[in-house]
Amino acid sequence: MKIILLGAPGAGKGTQAQFITNKFGIPQISTGDMLRAAIKAGSELGQKAKILMDMGQLVPDDLIISLVKERVAQEDCEKGFLLDGFPRTIPQADALKSVGISIDYVLEFDVPDEVIVERMSGRRVHPASGRTYHIVYNPPKVEDKDDITGEDLILRADDKPETVLDRLKIYHNTTKLLVDYYQAEAAQGNTKYFRLDGTQKVEEVSQELDKILS
């Protein structure tokens, strides 16, 4: 069971990725984690990536693809894997295909931009503990104060409406093209494509995923 999740930041991919990995016993593979692990292990690919990152350069697709290929060949990926944050572009998706990594399910979480802005800009964080609240869905007992310590909660820079809108713009300009790409792949029988309504309750989305993947 090899899965890719698509959807804008704040569409609920992280929550459902956890559900899928726990339910089906497959690892979630994040390119960021993979890069850090390869650098820590001092592998040849890791050393190459470190040189580029130390110079402030982006790690090229061919190196990332080599890392993905190496990672999915490991024992814990025998039953499958869930790719997190990759591919982001059509050349990356093509490269995955060219090295023989096939994808069984592409799952898109569809949430309107205004809902995402409301979701993300309503988040409040207690910096010391990482506890997270939401002014609408999970408010603290006292406005803008942490329930346990009474300390101030903050709105992270990443969650400010203008930042969220910028990130959504990037998503629509780049990653959204993958939606068309994988729908075309599904039409040719190369994968299965499902679009889920990400505005539903978390449990409802999880139930839908369970039906699709079981």
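Just so it is clear, glycine is given a Cβ too, placed from its N, Cα and C backbone atoms.
A sphere of 10 angstroms centred on the C-beta of Gly10 (ATP binding site) encloses 25 other C-beta atoms. Gly10 (ATP binding site) falls within neither a helix nor a strand when secondary structure is assigned with DSSP, and so counts as coil. Taken from Swiss-Prot, the feature ATP binding site applies to Gly10, Ala11, Gly12, Lys13, Gly14, Thr15, Arg123, Thr132, Tyr133, Gln200, supported by sequence analysis.
Taken from Swiss-Prot, the feature region 'NMP' applies to 30-59, supported by sequence analysis. A mean pLDDT of 88 is what the model gives for the region 'NMP' (30-59).
According to DSSP, Arg156 (AMP binding site) sits in a coil region rather than a helix or strand. Long-range C-beta contacts of Arg156 (AMP binding site), restricted to its own chain and to partners at least six residues apart, with a cutoff below 8 Å, comprise Arg123, Val125. The AMP binding site annotation in Swiss-Prot covers Thr31, Arg36, Gln57, Leu58, Val59, Gly85, Phe86, Pro87, Arg88, Gln92, Arg156, Arg167, and the record cites sequence analysis as its basis.
As annotated by Swiss-Prot, region 'LID' applies to 122-159.
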The largest Cα to Cα distance in Å among the residues Thr31, Arg36, Gln57, Leu58, Val59, Gly85, Phe86, Pro87, Arg88, Gln92, Arg156, Arg167, listed in the record as binding AMP, is 30
Can you give me the same-chain residues 6 or more apart in sequence from Gln57 (AMP binding site) with a CB-CB distance under 8 Å? none
Pairwise over Gly10, Ala11, Gly12, Lys13, Gly14, Thr15, Arg123, Thr132, Tyr133, Gln200, annotated as binding ATP, what's the top Cα to Cα distance to the nearest Å? 20
Please report the three-state DSSP label of Val59 (AMP binding site). coil
